[in-house]
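Asks: Annotations per TrEMBL:
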ACT_SITE  Glu79  active site, proton donor
ACT_SITE  Asp226  active site
ACT_SITE  Glu320  active site, proton donor
ACT_SITE  Glu338  active site
REGION    756-854  region 'Disordered'
COMPBIAS  783-794  compositional bias 'Acidic residues'
COMPBIAS  806-815  compositional bias 'Polar residues'
Amino acid sequence: QEHAYPADELMPLTCRGRVRGQEPSRGDVDDALGKFSLTLIDTLDTLVVLNKTKEFEEAVKKVIKDVNLDNDIVVSVFETNIRVLGGLLGGHSVAIMLKEKGEYMQWYNGELLHMAKELGYKLLPAFNTTSGLPYPRVNLKFGVRHPEARTGTETDTCTACAGTLILEFAALSRFTGTSIFEEYARKALDFIWEKRQRSSNLVGVTINIHTGDWVRKDSGVGAGIDSYYEYLLKAYVLLGDDSFLERFNTHYDAIMRYISQPPLLLDVHIHKPMLNARTWMDSLLAFFPGLQVLKGDIRPAIETHEMLYQVIKKHNFLPEAFTTDFRVHWAQHPLRPEFAESTYFLYKATGDPYYLEVGKTLIENLNKYARVPCGFAAMKDVRTGSHEDRMDSFFLAEMFKYLYLLFADKEDMIFDIEDYIFTTEAHLLPLWLSTTNQTISKKNTTTEYTELDDSNFDWTCPNTQILFPNDPMFAQSIREPLKNVVDKSCPRGISRVEESLGSGPKPPLRARDFMASNPEHLEILKKMGVSLIHLKDGRVQLVQHAVQAASSLDAEDGLRFMQEMIELSSQQQKEQQLPPRAVQIVSHPFFGRVVLTAGPAQFGMDLSKHKAGTRGFVATIKPYNGCSEITNPEAVKEKIALMQRGQCMFAEKARNIQKAGAIGGIVIDDNEGSSSDTAPLFQMAGDGKNTDDITIPMLFLFNKEGNIILDAIREYEAVEVLLSDKAKDRATIFKGKMIPNYIIDSNLEMENMDQKLSENDSHKQNSEEATSASQDVGAVSAEPEEGENSDVTDPDSLAPAHADSDSVSISNQDSYVPGTDEASAPEPACTQGDHQPQEQKLEKESNSKVNWDNKVQPMESILADWNEDIEAFEMMEKDEL
């Protein structure tokens, strides 16, 4: 409220609100923003869970008074449903509960429900398809097909996007007596169920909303599918319809048969479920152990949860994606709550105080690494600890709620949480809705269900007294074999593809042995359906057409060769990369809380070998470009010099500031608006000469991050920073120094947690944190000589470090597969990440009745089968969440 209201989200680094159209576009991520005070609505029922009833009452009044749902803006149907519609319904649920208690909300007359119904009608135009699957986006004012809607041309949607509606839509129908919402949500679910792959009983990630054809045929329990499974089981709990449970059980049997490879959960191909589609997992699957608890299948829930916890202990947070040998695949972490959710449900099911220790670790890490002066900032890179100016609404809606409930005793709650079910956004819907306004037939007549011989299906909503009779060590006995599953040695698991390679005949040609000049190799490629094309720039491109292979077995060999080549190409690329660095502001009032992602230099001090880093106050040099002798050496001596990019070589800048007595340098990009959020990692190259004379560390900041430091100088004058390979613990930064009290202060009371842990006689687990080398995809560019244009407006114009005449690009079936320049297969080190540039654009949106002006403050068949297999391998390398 202080920094961002009425904006949709808080930007915790620059202490202002994120208003769509006033910030660079982040692509699909911004589809959650609708100028409807998203975070406020999403957090309503959290306030009641935290026993903040007075604040809840004031928040409801603000929503009723200020929020406009009739904005000319295109939003995600999925996100608007779970966050806004769910938030309004959750707020209404707890509002009527409080009103019945007789102390608060006595004035409330269903205003939130009226708003929810209005929003429900605004979402209905998205369902105007022959299949009943909704369009992925809708214009709140003009719908879908209207000339001014600017949407309605999409053909695909994700399974979760179309299958995560039933709880909110059914609750809206049950609350209001208007059945159309539940009918539309059921029709969408029915269609997905009918389109499941009948031999495997799995569903794909994306589906054509008009034809029902699967667009992406890989299947897992993470991004794109996750909450579809969740809502099948929870729809049975909330609505009492057996057909939903039967569908869930059918899918669950397939998941445990094909996807579950304890403790891993790996995506497979829906037509060939024994073929892994990826070698990595995304963080959204962390919700699945919690769903397994609700299902009653505790053992695999404990196993997967423990594996995820080991990854967290290694990196402080769960990376957005990580490989089967537990290396970082995508390094971001937007403060997702799914792991905390599963931790809460496992503690409720087992009563094992170990999960209180897990919760305590989560809270300590949030306060230590993510907390910044204006909130909690998402992690740009879990390896360096750098931040992103982002705090999604789900952080307050879910993370706070689950962590509070984990430690809360029954007497801490003003209502019985067991009377409610959690939506996927952790909004509360009362279970009594199952007997209210039942206008939909529960009988499913569309499909016969497979008889499943699985005694586990006897369990739903488990009774812990039966599951764990007099055996408090049950969960520990399951966890014990997994305690070292993630360690420093990065053990590599054998995938099903590798197993098949080992058990079958030797491949005719391995990627590591291939030579483009060898006629025998070219003949083998031709037999496998792989052709070689020489590009104008000297690179070689490989293309495979399975139909051109001599036989289906040769096509299979070709497929494996292409996949090996992708991984080999990426590995060679990564070996030339330098990892990102961190600039940490350690002076008042930041005290290490703000960490900026910085690009490294290929010269000067190697910060990875100097773990203490370089610490000092910053000073702006004259001339600001640093291309000639420094005229203010007295201001720069023993300081970290700030300078602007351009006009000369990076190495020349470094030599000039080193001569002036600087202990380090930060080069700030001169391209207005550039940011590490939207551009790939930038590395500063040398000048082609010997740079051994440069001994000070040099780092590169994009314009947005650099302005954070410049703004701090304007406001606080003396600004001290730490240049390092990764962000340091604040206790380490201030070792031997007085730490201000407000650094120790926390919104999440640690004393209460310690007391709770003590009461439960918790079993503490000592863990050795594994450190790892950080590597990343990036771009290297040497500054042009004076007179050349130094402006770079397109990230693709940066000169890649790995671009040379021997590079190979690879594609399958005429569809592009990342080659040396973009492939994201894991590298040999213990961690890796992938940063992709995102298009920056501003979109103008009409004003609503609320004043949206930003409050700117300082600190801102065979062929078919092979086609499917190729697509499956392509999915290994596509960074799609």
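Including glycine, each Cβ sits where the backbone N, Cα and C put it.
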Asks: Cα-Cα, whole number of Å: Glu320 (active site, proton donor) versus Glu79 (active site, proton donor)?
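Replies: With the alpha carbons as reference points, the distance is 19 Å.
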Asks: So for Glu79 (active site, proton donor), how many other CB atoms are inside 10 Å of its CB?
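Replies: Result for Glu79 (active site, proton donor): 23 other Cβ atoms within 10 Å.
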Asks: Between the Cα atoms of Glu338 (active site) and Asp226 (active site), find the distance and write it as a whole number of Å.
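Replies: Roughly 11 Å, rounded to the nearest whole number.
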Asks: At the Cα level, what's the spacing in Å between Asp226 (active site) and Glu79 (active site, proton donor), rounded?
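Replies: Cα-Cα distance, Asp226 (active site) to Glu79 (active site, proton donor): 14 Å.
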